[in-house]
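Just below is one structure, and these are the notes that go with it.
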Amino acid sequence: MFRTLLIALRLATLWLALGFAALAQDAPLQSVLQDNRAGFEKPSRKTVDGVIAALLDAQLPNAPAFLTRWREKEVWQRKEDKLFFYARDNGDKTYTLIDVDTGAEDGPYDKKALKQLKPNSGVRGVIATALVVFQLTDPDPAVREAGLTAIERGPEASHLAALRGSTEGEDVPALKARKQRLERLLTITYDKDSAARVAAIESFAGDLGVDARAALNPLLTTTRRASAERPADINVAAVLAPGIDLPRAEAYALLVEAGLAPPQITAAERKAALIANIENGAIAGTPIHTLNTDAARDATYAKLAAAGLVAEPVDTAFIDAALADNVFFDAYDEPDTAVTTAAAATLEAIEMRVGLNQMADLALDGLSLASIYFLAAIGLAITFGVMGVINMAHGEFIMMGAYTGYVIQQVIPDYTVSIIVAIPVAFAVTFAAGVAMERLVIRWLYNRPLETLLATFGISIALQQLAKNIFGTQARPLTSPGWLDGALVINDVVSISYIRIAIFVLSLIFLVVLLFILNRTRLGLEVRAVTQNPRMAASMGINPDRINMLTFGLGSGIAGIAGVAIGLYAKVTSELGADYIVQSFMTVVVGGVGNIWGTLFGATMIGFLQKGIEWLNPSNTLAAQTYMIIFIIIFIQFRPKGIIALKGRAAGD
Amino acid sequence: MMKTLLSAAAASALIAGAAQAEIKVGILHSLSGTMAISETTLKDTMLLLIEEQNKKGGLLGEEIVPVVVDPASDWPLFAEKARELLTVHDVDVIFGNWTSVSRKSVLPVIEELNGLLFYPVQYEGEESSKNVFYTGAAPNQQAIPATDYFLEELEVEKFALLGTDYVYPRTTNNILESYLKDKGIAAEDIFVNYTPFGHSDWSKIVADVVALGADGKKVGVISTINGDANIGFYKELAAAGVSADDIPVVAFSVGEEELSGLDTSNLVGHLAAWNYFQSAESDANDEFIAAWKAKMGEERVTNDPMEAHYIGFNMWVQAVEAAGTTDVDAVRTAMYGQTFPNLTGGTAEMLVNHHLAKPVLIGEILEDGQFDIISQTTEVPGDAWTDFLPESAVLVSDWKDLGCGMYNTDTKTCVQLKSNY
Amino acid sequence: MERSFFARNPSALIFIACLAGFTLLITVLAEGFGADVISTSMVKTLGKTLCLCLIAIAMDLVWGYCGILSLGHFAFFGLGGYMLGMWLMFERTKEIVVSSMANAPLPPTAQEIRDGIGTQIFGVVGGSEIPGIWLFADSLFAQLALVVLVPGLLALVFGWLAFRSRVTGVYLSILTQAMTLALALYLFQNDSGLRGNNGLSGLQNLPGADAIPQSTMSIWFLWASAAALALGYLLAAWIVGGKFGSVIRGIRDDEARVRFLGYNVEGYKLFIFTVTAVIAAIAGALYYPQAGIINPAEIAPIASIYLAVWVAIGGRGRIYGAVIGAAFVSLVSTWFTGGQAPDIPLGFYTIKWVDWWLILLGLSFVAVTLFAPKGIGGLFDLIEGRIAPNRHGADLGPDMSALREKEASE
């Protein structure tokens, strides 16, 4: 690949030198481009350095502008004569070409007659790095900022001087701070002066930035080595004792690698050696058919070795002696002891703080997950917790809310307005669905809870399939408004996305509103009365039917709002509700039925627990979910009534 | 009960009577359940291809009749429906399956009854059945070139292999780990994570990936995350302010169809590796897209597995014409060496290991949900047994000369004629 | 004694006669035995349906008779399938590995064979080590014992914990559902050592039986399933027939009252829970060799809920009701989702049953719960003219006490 490119490059150069000699005077940039045509047509990270160097060597004033536009995929090639142009899209699949030197317009050309140059992101990175020198002193702060970003992504030794030269004259304070920080980072890596590096390293003590660690860690990379004597001229990080710091097999492998010991015979080599020595159905006098155990093979191999036919096997005693005779150590790749010592000390301080902050971040994640579980379960806390109705279709109410949000977003294109509209509409839709379900199905089954479970399950599968028939199985986008994009960054380690904060706030609002409704309003009083003793409540003039209907509607409506929030943060599919239903039930049961606070505690416990298990086993999220459920099952065995158990008559049975 | 049986019996008798007059093509794609969204598209693709072939006068002078069944994303049902297609409907060939587990479910049935299956989806390799032609990408036609692109063009030094916990990511990541170690990437520079299907809580995993950059190496993510879970993942990446220039993500399961249900503004610049993108520029592709949109609607997109069926079906038609019969053994022999122009330009060729030689394309995601092709290789021959795992490196598949799909070149023996299920 | 058992349970005799007749009829008509009217895939479907009927009997025992709505019995079913599947897979792979190594220059060591098997089985999921839980996989006898022991022990431990803490009613249902979910998630992990999402496949090929065509094999399994179903029916009829049956029905109707009468309610419940788990496991061990593949999706909580749906539609509290429900719903479901059901064109919209079947099932389930709590089995009451005397208004379902019934009648 690389070689073909080179040949093509050379051929092109030769041909151009003959044919386009005149071009060099009229169109200097075009002629440089044509000289390196293959490199521009099919740019690769491996060849682009040479191409850019050739362009910059020509010292053309419009070269940086060309590089910028090349990076932005704005350069096109006309197929007929292979010349390069900028292009303007006319919107009807034709393009007007603009000369790279003169700016003269030409065209329009059909898209098929042109070829767009598409440098990949690696090449774009290299271009950005090359442009840095021009950008750091640019009058436009945005360009200077782009230059700094390019340095962060691809720092080079040459940037250090450019940074130092431009920091003094920088007038935007934010950019100046960034330049100074970058200057210190580059000093660590590229400066020749040991003292300056140590000073720069020490200036990062306690810094949480990933970039600081990214500059320091490479200084501390080590190579594991073995030698007969401890070498004097090497920056040793640690001496390792075989069998304690270093497994014996690994230590011996190091010796073999260093040429200090003969290699061990592997099972495969032993087998190959045996096969190579088969004579008349036997090896060294042992019949082949007996060689179906490792012991027999070892014995036969030893016979072969004794006969001098194969290499002597390495035995344990020999390995012991070899390990005792040699030293094993980790050597720093960085030869300067002062630098590595400073870096190790600084990093240790940083890691300590990073660890603490990671804990804080994990706690935030746990809190966020808890609020999501709480949001999904809070409607259930009312229908199941307060009324005692098992509603397996609760998850489908969440899904209905999410789809309502999606439909409204199709009608109202403005994301902010659509979300504001979607929340009450979702409440109304699921409230109505809940009331309908209560009237039509559930009220006939108040005394048969197990059958409520099954009937609502029937509704659940019907609703899920209905959603599939209407919206398809593909996930639908529910896009959050721009002001919820991004994350609240507390420092480089601790951050949380705004959407999660919004969900957290929403669940707090729900908590307060529900507590208010249940404890401070007439409706709440009636709900509690009907829950505790429906016939006594009825004789006090409360209409239990109406209250049951409203309570169920309220729980369902809240599920709808939760659906909008969950859809915003994840995805909208027909299975969205089913993903949360089991967890939601467990949240309510663990927390303690009949109590909003219980649900809160349940959600908190489950959220934190799951994050905690994930932290212990970061490579397998599924395991975290499994162990969490097992924990909950065991928890319920010991506290069957949940964290907050109601006492007395209100508890019912 | 009895009536069902009788009607089934009557149906089979009818079908047996009609079998001489027509050529039957079984279509085994889920039309309901979780895989329906992906597989329904492929069913429609097959119907389109059969319709077009019939317009050209059918095959061997006979009409091609599609037989569509619905295995409903239920893996055991795939085996049952495959048996039904082969024994009750007597189809000549089956085009079908999406997930690896469904293929593994069908394999024993197809091998027992000597059927013929064309499997159109990129998969984890490590298989070569006598009765299956794999028209999707093997790992060396998708995963390995994408990894090379990361190593060479983006100079990634540290890899996060994120996947959904099932067979394709597991095997692919296993191969990639081994490959990366061969390329000198240390074990501690490879971070592997598996999440369940439909996972949505990505904040911690994204934070872990960002933290990988702490030792100053460029981090890249190789994603075998499947389906819906991608949405939450990319949303979280965007929320964390991670751009494609900082931490590029290359996905093997995200194509045009998946992006059509997604707000792609978060994803611009991230990568996908396939053998086909809708944005490929060729006349055959324009024609295919136009036919597809005319049949299915203007907003529909084309994707890689559709191209695989396009190539597979046309090759099968050519092989039947060459063999002069639809007999499975004759067609299989005629398949070897068949060539057909693929939609991205160039020619696909069926190899003796039942895999295709196809070009590998890498595209950057654009605002409109399409891909900007930034790298296209020449045709890469599909490799049934990867060279990057020691136990597979010694195996080759050659059904033409060796007559074996799992031939051990060390011991010079055929390990087995049937497949691993 | 034997006579009196059938005399007390005339339905058992009728049922077994019907089952025997059905099995014989299928055998005669099947592809494997000449007549070739019923295809092998149909025979397999029928054989699997018999296994589903067996687990439905288990569900009816535990729910219809004892009032425990377990949403975990499909977990036991799946575990039974996994246990037998391990042996099927291991032995079949061993045959392949041994025969491929037969020509090697050196005879293979036991370790080499084991490594070969590991690569073959776990290469698919990116591994090569045989996990510890496959310790007994080379012994049919051990794995058959595990079919009973593993689900039985799980049910025993889970039931003991749950019943001891007096978790009842819907809480118990949710708890069993959580157990099923935990098990399914655990099996979904690759680290569980049972090939994760892929599960165990190729189970229809019995080791050492390559020469026997599937058409014959399917008939064998049909017989085995029918025999197991018949035995399960007799066992269930025997359990619910005597005094024991009266006690568990008493527990269903009023647990506290039975406890006050001095019965060890927890012991009875634990016994029923464990026995039905074992029946479910045996049904699973027969089902999956016919299905050919088992994977964790099979034991997702929704499967167990469907099981309850079958039993409810068939009619709780009568054993033949469970059988009818399972057979009816699963066969109708196969018919609708199989694309055989004709579409209904409404002019503006065509109802495709593939899309609408689940909605129909869901709604008909609601209808059965509301309007026909006795399910299809209730029809037999009409036929026999044996309508139960109408004592206190409507039947309130199995788990409600007599007291509440009276309250509700107002």
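First residue shown is number 1, and so on along the chain.
Cβ coordinates come from backbone N, Cα and C, glycine included.
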Scan C:13-30, C:319-336 against TrEMBL and say which stretch is down as transmembrane segment.
C:319-336
Does the transmembrane segment (C:319-336) come near the transmembrane segment (C:220-240), with 3+ Cβ pairs under 8 Å (pairs 6 or more apart)?
yes
If you count Cβ pairs under 8 Å, which stretch among C:140-163, C:170-188, C:220-240, C:267-287 touches the transmembrane segment (C:293-312) the most?
C:170-188
So, taking each listed stretch (C:46-66, C:140-163, C:170-188, C:220-240, C:267-287) in turn and counting its Cβ pairs to the transmembrane segment (C:73-90) that are under 8 angstroms, which one gives the highest count?
C:267-287
Is the transmembrane segment (C:220-240) packed against any residues at least 6 beyond its ends, judged by a Cβ distance under 8 Å, and which are they?
5, 9, 11-12, 15-16, 19-20, 22-23, 26-27, 30, 43-44, 46-48, 50-51, 53-54, 57-58, 60-61, 65, 248-249, 272, 275, 279, 282-283, 286-287, 289-290, 319, 323
With Cβ-Cβ distances below 8 Å as the criterion, list the same-chain residues six or more beyond the ends of the transmembrane segment (C:170-188) that contact it, or say none.
68-72, 74-75, 78-79, 82, 158, 162, 194, 196-197, 199, 295-297, 299-301, 304-305
